[in-house]
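To start, the structure under review is shown below, and the notes come after it.
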Amino acid sequence: MYRINLTTFTLLLVLAVGSLMSESLHPSDGAINDLYEYLLQREYAAPVSYADHQIKRKAVRSPSLRLRFGRRSDPSVPLRPEEDELIDQKAIRAPQLRLRFGRNDPLWTSFNENALLEENFEKRAPSQRLRWGRSNLFGNLVNQFQQDDVMQQKTIRAPQLRLRFGRTDPSWAMYNEHQLTTGQQAQPANEASEKRAPTQRLRWGRSDPALAKDSSEDKALDVEESENTNADDK
């Protein structure tokens, strides 16, 4: 009797465990449908998290966004008249300063607006150029106030002492002008065709102005000596 009761209890236990295992392997259709509906809802705050992976569904996009095949709007939704008016009334933008790769400089947006105003300004006067194309600031101010006088009363400048590579020594400019005016006053009209006295040449064909005066004095002494000799011979 005891053996029969033990065998019956064992069979009942095996059947109970088998039924539980079969239910866990084959869930009901209701649980699957609930999970499917939960995943297909329109929006939710957090993604559905599982132990081995994650599933996240995006919210439904509005029809104004770009759809398939490059369409900007849903063909079933009509366009608003405000957008058409804005497209028709869109003005052509002014040309802007282009940077590399077609970018625009935001600092130069008002450049074209002021371009017409800058054209009305007077052009700058020609300035005295220094070495390497630099301009003399003092010369610019003088040209701005005396532009007409300089252009009308411009005369041929006197020969100046040239330095190396064609540069001019400004300290000799006034000296050469003074020498030129005094020489023109001292020379008589009949000696205009007389050749100048040979002077000692410096480097690059320059003449020493200090020796020019000495050569003229020597020539005058030679003339006086020749006259004295002619008088003695007579």
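Glycine is no exception: its Cβ is also placed from the backbone N, Cα and C atoms.
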From W132, W172, the one Swiss-Prot labels tryptophan amide: W132
Record-annotated tryptophan amide (source Swiss-Prot) among candidates W108, W204: W204
